[in-house]
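According to Swiss-Prot:
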BINDING   C51, C53, C73, C76  Fe cation binding site
DOMAIN    29-85  domain 'DPH-type MB'
Amino acid sequence: MSFRPEYKEYFKQGATARIYNGAFEDAGFYDEVDIKEFEYSREEKTFYYPCPCGDRFEISLEDLRNGEVVARCPSCSLIVCTVYEAEDLEKYL
């Protein structure tokens, strides 16, 4: 399965961040991904998920514990919204 067509289509849409009542609404996320779908590195204490550009989205355990939801790809401008509950992180502490 290739993400390339979706990847190109994403940029054609011209996604932009919007703020509604102080919260992000469709902040240009490429996708929403459940934390259970991420791969976890105990050494780096970081979660990884494949990016369509060939690299990986990443978000640290510390960021998640601080309420962050944005996982970023270091090679391109895509971001995903990480979906999780506090109890999902307990096994990684």
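Backbone N, Cα and C atoms are what each Cβ position is placed from, and that goes for glycine too.
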Tally of residues which DSSP labels helix, strand or coil - the domain 'DPH-type MB' (29-85): 8 helix, 25 strand, 24 coil
Do you know the mean pLDDT across the domain 'DPH-type MB' (29-85)? 95
Taking every protein chain in this structure into account, which of the binding-site residues C53, C73 has the most other Cβ atoms within 10 Å of its Cβ? C73
Which are the residues of the chain, C51, C53, C73, C76 excluded, whose CB is within 8 A of where the CB atoms of the Fe cation site average out, their centroid? P52, G54, D55, R56, F57, P74, S75, S77, L78
Can you check which residue among the binding-site residues C51, C76 has the largest number of Cβ atoms within 10 Å of its own? C51
